[in-house]
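Note sheet for the following structure.
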Amino acid sequence: MKDSVHTGDFCILTKGRRIVIIGNGIAGVTCARHLRKRDSEAQITIISGETEHFFSRTALMYIYMGHMKYEHTKPYEDWFWEKNRLQLVHGWVTSIDFGKKELQLQQQEPIKYDILILALGSKPNMFGWPGQELQGVQGLYSYQDLQKMNESTASCQRAVVVGGGLIGVEMAEMLLSRKLPVTFLVREAGFWEHVLPKEESELVMRHMREHHVDLRLQTELKELLDDGTGRVRAVVTASGEEIPCQFVGLAVGVRPNIELVRNTALEINRGILVNEHFATNIPNVFAIGDCAEYRVPLPNRQSVEQVWYTGRMHGETLAHNLTHEPVKYNPGPWFNSAKFFDIEYQTYGMVPNTWEEPVASFYWEHESGKIAFRAVFNGTDKRLHGVNAFGLRLRHEFFDRALKENRTVEEVLVKLQEALFDPEFYAKHNYEMLQAYNRQFGTNLEPEKKKKKGMLAALLGL
Amino acid sequence: MKTLQGIGLGMFLLALLTFNALLFMGRFELSEPEMAQSVKQEHVEVLRQELQPMLGKTYSSSFAFATDFNSYLDAYNEKQKNSQQWDRVIWDDYAFTLAKVASEGFVKNNKLLLLLLTVVLGAAGALFYILPKYKGEPEGIKNNGIMFSSNKSRGVVGISLGAYLILVYMLLYWFPEYIVNWTLLVDPLSHALSGGPASQWFLYGTIYTLAILVMGVRMFRRYRGNNYQLLRTASVMFFQLSFAFLIPEVLVLLNKPWYDFKNIWPLDYDFFFEYSVASMLGSGSLGMFMLIWGILLILVAVPVFTYFYGKRWYCSWVCGCGGLAETAGDPYRHLSDKSLKAWKVERWMVYPILVFITGITILTIANYFTEFALLRQSTDVLHQWYGFLIGAAFAGVVGVGFYPLMGNRVWCRFGCPLAAYIGLIQRFKSRFRITTNGGQCISCGNCSTYCEMGIDVRWYAQRGQNIVRASCVGCGICASVCPRGVLKLENGPEQGRITDIPVLTGNDSVKVLS
């Protein structure tokens, strides 16, 4: 486990070192918090132009829908930063002088650093569609995007969302919460097709239609039309259909937000290139979160991972590396979650959208069509690769352990009751699933029941 | 559907308007025989003299009537006090009773019709509004627009409603003589149940129960598909209707003390006060059972149930205050203050109140067993002050009046001594906890926002820590609104329940101690 890199070679270790973090998202803030825990002397500064305080980016949609106000999305109260001596600078960095180790800010004095951590996040993809700069056309990533969306949809009659992924379905839900009819253009034949297997994709699409999303599959955006005042009035699809609308949400993925470091000494590709310790090519400069690109991706993982959880883990790991013997980034089994309107989604381990022998799959769907479970495993030795759960909550720790211990799908299925995380009094489906597995694979497995001691049993000494 | 809802809302508002207008209707005319029948024998002569100018006089409102009555009585009492004639002072509060017997005319003659046009119409209107809600929509909690709502987000509507509720509670507790017309409406119901006329408390109980039932139906619509919420709501509706409303009235009909078998000291703060104990002891074996039952609830039921199921077994499944908070108060749950400061204030209020009422109760019992040699009648002063400050002002006026201002659990969180007692057991000796699901939290804040007890649930969830808090009433809304399936209310082994420094699941590079 020990690495040849020592902390001293890895970064400056002087007492009271100035650590500056650009970006106050989950990666930057997690890193700052853990740095503070481990180095009480360092001067830690977090710079952000987006908002003064850290907020949960994943909660932006709930602000729009009126579930929460912006204040509710701040994970820490405003006094937290000063108490932990994390200096906040609210402003945009305009350039970095890596030689002088100095940052230029738009409206404030330059800031010097000993160690620089880039946690710059992402920005929405734009693919050069004609008219993409029109008013009422936007992606959704930042707080500013949310404000813009709020303004643009105030007098909107009908909206179009482009893109077949998570932000797309979120935008559709947001718009529908304000009773705006939504047409959802998906280029592929199914929603989130490059991630979800067919059945899951169909489950989500059924649910979207149930919510009156006008879902258009295999429909590509060609251009956006101007109403004459610089606002969008319609989109045109590749097949030439014109769909009138006053708002267009572009949710065709995000890319690392690295304009700040383009054409500098910092090595970049799609994102800022980092090694397994999050070090860039420049000493004492590090990159984490959405903007980082692994030079050597981990097995079965993308080279750029733009997920809340990975951002957090980057922050945790880098904070450790800057204060201890550096360790290689080693996230445990993959996990992720989302919510599609009313249906929650959790995944543990690796579930690809398609698979080939010897990989096998077990899929179960509840008769309601809203609860589903998939296990993907090695057909020969039955070792579990991963699971998808829809409308069903499962315990993270259970699957984290099962995957690390290379459990088989059958071991997992007989013990599935332990993994159920649905609220009390919810119908349990583990037995039904096991029966379905038995039918499909000709086995005769019985559920393993853990004895639960209730009040009566305990009182009667049973 | 929209029209039906519109009609419902219209019906409700019309009923509310009529209900309030009632206070200004009717005539009040106190005759000498009416007066003589309604007051204690020893006061008849005095009052006949003092109230002479009032007797037979027609007042056009209860306000005018009560004003006159109070001024005559005050003048008399003042005189006695000045001449140190303490035993001649009339301490009894006759204003409500006399105003009630004095009422004549429109309201008195149309009780049933007016009940129909106010309370029944209002409830029906509310149901018309509630029942079609979410029709044709897939199951799932929709908090859409709550933060934009004037009613639910401390806008003009919310503040006005809060002010209205505060006013009504003040009338109810301290000026019941002004609301006799309301109590007239429920006279027939009171006669049917307990055989007597309706007091202001019967009126209050009726409307309170109706609010829980109607808003309980709203809960069924709003949380459909969520069995925990449905069962919990059905439970509070059942306990309110039977234990808190019907059974006590029937007991009165049977000449037994009014007793709510699920109300527990110290929420039921006067359980050990002399008059309660005397009334129970004077009611034969049933009275004795009530006394023993009440003591068993405190000493056995609370610790045992709380050990196995947590505070929720009472606070969000059984309790009447909780019942109203969880139904009528549900639209305001997010208004609770989540700051660390509020938590500090909470602890500095709720535990001292527990200590205070425990002290009063111990003094009262000690006094009782020493046959009042210890403190004579001076515990009465303590009882009155506690009743006024905590029992009425805090639990009632602030407790419910502040729903639209500070959320639906102000009383339960900052004031209720029973919640404090159960909370201590939940915190230190219970199998209940809210489990956090590994590293799945995205810090969105829905859980904290919708926690009625003002617990910053996210603080724990995002560091992978189980939530074990004295104040948690186990309503389960945090788990319901979590978009990532991170929270689960559970009873389980005590081992591993509390983790001071949790390890966040997911990152194998380093052991992440939050």
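The backbone N, Cα and C atoms fix where each Cβ goes, and this holds for glycine too.
Record features, source TrEMBL:
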- B:7-25: transmembrane segment (TRANSMEM)
- B:112-132: transmembrane segment (TRANSMEM)
- B:153-175: transmembrane segment (TRANSMEM)
- B:201-221: transmembrane segment (TRANSMEM)
- B:233-255: transmembrane segment (TRANSMEM)
- B:275-308: transmembrane segment (TRANSMEM)
- B:348-370: transmembrane segment (TRANSMEM)
- B:385-405: transmembrane segment (TRANSMEM)
- B:432-460: domain '4Fe-4S ferredoxin-type' (DOMAIN)
- B:463-492: domain '4Fe-4S ferredoxin-type' (DOMAIN)
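Here the domain '4Fe-4S ferredoxin-type' (B:463-492) has a mean pLDDT of 97 out of 100. Comparing B:7-25, B:201-221, B:233-255, B:385-405 for CB pairs under 8 angstroms to the transmembrane segment (B:348-370), the maximum falls on B:385-405.
The transmembrane segment (B:112-132) shares more Cβ pairs under 8 Å with B:7-25 than with any other stretch in the list B:7-25, B:153-175, B:201-221, B:233-255, B:385-405.
Residues 119, 123, 126-127, 130-131, 133-134, 172, 179, 182-183, 185-186, 189-190, 194, 229-230, 233-234, 236-237, 240-241, 244-245, 249, 320, 323-324, 326-328, 330 of the same chain lie 6+ residues outside the transmembrane segment (B:201-221) yet bring a C-beta within less than 8 angstroms of a C-beta in it. Mapped onto DSSP classes, the domain '4Fe-4S ferredoxin-type' (B:463-492) shows 5 helix, 6 strand, 19 coil. In terms of DSSP helix, strand and coil, the domain '4Fe-4S ferredoxin-type' (B:432-460) has 8 helix, 5 strand, 16 coil. Sequence-distant contacts of the transmembrane segment (B:385-405) (same chain, six or more residues past either end, CB-CB distance under 8 Å): 151-152, 154, 158-159, 161-163, 165-166, 169-170, 172-174, 269-270, 321, 324-325, 328-329, 332, 335, 353, 356-357, 360, 411-412, 414-417.
Below 8 angstroms of C-beta separation, residues 66, 146-147, 200, 204, 332, 335, 392-393, 396-397, 400-405 of the same chain, each at least six residues beyond the ends of the transmembrane segment (B:153-175), sit close to that stretch.
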